[in-house]
Amino acid sequence: MANSASPEQNQNHCSAINNSIPLMQGNLPTLTLSGKIRVTVTFFLFLLSATFNASFLLKLQKWTQKKEKGKKLSRMKLLLKHLTLANLLETLIVMPLDGMWNITVQWYAGELLCKVLSYLKLFSMYAPAFMMVVISLDRSLAITRPLALKSNSKVGQSMVGLAWILSSVFAGPQLYIFRMIHLADSSGQTKVFSQCVTHCSFSQWWHQAFYNFFTFSCLFIIPLFIMLICNAKIIFTLTRVLHQDPHELQLNQSKNNIPRARLKTLKMTVAFATSFTVCWTPYYVLGIWYWFDPEMLNRLSDPVNHFFFLFAFLNPCFDPLIYGYFSL
């Protein structure tokens, strides 16, 4: 087995790249037809998502103003408000960034924006995923332990605050690992291509593998697992209540009204989990495939590659339709 390069060799290689290395002009990436279609669809979904989420936010604000003066927003609507804000953040950062980057192909915004926008991109991806977890946990507690949740009214606010904090902290490494590299023409003198990448930010290959796995787990695996567990608990509780003796069920309805008023909770949380799974699975399947087999991009057709990535942009479009239908 061949020995891996020493840290000194890696450092020299990275220094050569940062000082501009020769690159054949024919090897430079270009905006293909499928790339143009991706850009068009991306900006269409951007307008759609921005309209849906902003409209729901305004509708929620108008609904709040109609309430009695000084009355606080209900816990569920507070959670939906933060999920809408998180989706709006993802819409306003990730979609335009992806669209413009596909148009320009290379990075023209400089080192500072390379780091800052990479941080904001991941932050705005963490936030909706964590808010979905908060809503799933809250709805599960509302069904399985309603009295305990009602006695502690600050649980929802605490989980929301924690979700925003974790999103900010977990995205922090982006400020360090992303950097500019410059590639030169065959003479090695004139810079012909610049890109914002993580190249040479990790001293060992497994450091990057660990970071990729951590990010993948926090963005997809862990939120999906928690949502599935919460949905399973809700289904189990509602099924048990619905199969009670009719006389006993009538008595229970006067206490918690689970069968009628909270049945839509199950439908909404299942719809959230389904939307999350359907929209993000193709994106992460492609990412994992590339992680284990970088050459797959040479075998996978360009249209299929772009199509898989576009799936992720559907999630912030679907969410306002789901919680708008079930909550208002």
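Just so you know, glycine gets a Cβ as well, placed from its N, Cα and C.
Around CYS114 (disulfide bond), the same-chain residues six or more apart in sequence whose CB sits under 8 Å from its CB are TRP107, PHE178, ARG179, MET180, CYS196, listed in sequence order. As annotated by Swiss-Prot, disulfide bond applies to CYS114-CYS196, with the evidence given as sequence analysis.
Taken from Swiss-Prot, the feature N-linked glycosylation site applies to ASN18 (among others).
According to DSSP, ASN102 (N-linked glycosylation site) is assigned to a helical segment. According to Swiss-Prot, the feature N-linked glycosylation site maps to ASN102 (among others).
The topological domain 'Extracellular' feature in Swiss-Prot is assigned to 1-38 (among others); the stated evidence is sequence analysis.
Taken from Swiss-Prot, the feature topological domain 'Cytoplasmic' covers 59-77 (among others), and the record attributes it to sequence analysis.
The topological domain 'Extracellular' feature in Swiss-Prot is assigned to 98-115 (among others); the stated evidence is sequence analysis. Cβ atoms under 8 Å from those of the topological domain 'Extracellular' (98-115) belong to residues 28-31, 35, 38-39, 42-43, 46, 174-176, 178-180, 193-196, 309, 313 of the same chain, restricted to positions at least 6 beyond its ends.
Positions annotated as topological domain 'Cytoplasmic' by Swiss-Prot: 138-164 (among others).
Swiss-Prot lists 185-212 (among others) with the feature topological domain 'Extracellular', giving sequence analysis as the kind of evidence.
The topological domain 'Cytoplasmic' annotation in Swiss-Prot covers 233-281 (among others).
The topological domain 'Extracellular' feature in Swiss-Prot is assigned to 301-306 (among others); the stated evidence is sequence analysis. When pLDDT values are averaged over the topological domain 'Extracellular' (301-306), the model yields 84.
The transmembrane segment annotation in Swiss-Prot covers 39-58 (among others).
Feature annotation from Swiss-Prot assigns transmembrane segment to 78-97 (among others); the stated evidence is sequence analysis.
Per Swiss-Prot, transmembrane segment is recorded for 116-137 (among others). Listed as Cβ neighbours of the transmembrane segment (116-137) (distance under 8 Å, sequence separation of 6 or more from its ends, same chain) are residues 79-80, 82-83, 86-87, 89-90, 92-94, 97, 109, 156, 159-160, 163-164, 166-168, 170-172, 174-175, 178, 196, 215, 218-220, 222-223, 226-227, 230-231, 269, 272-273, 276, 315-316, 319.
Taken from Swiss-Prot, the feature transmembrane segment applies to 165-184 (among others), supported by sequence analysis.
What Swiss-Prot records for 213-232 (among others) is transmembrane segment, and it gives sequence analysis as the kind of evidence.
According to Swiss-Prot, the transmembrane segment annotation covers 282-300 (among others). Cβ atoms under 8 Å from those of the transmembrane segment (282-300) belong to residues 209, 212, 216, 219-220, 308-309, 311-312 of the same chain, restricted to positions at least 6 beyond its ends.
One residue stands out among the recorded positions ASN102, CYS196 for having the most other Cβ atoms within 10 Å of its Cβ: CYS196.
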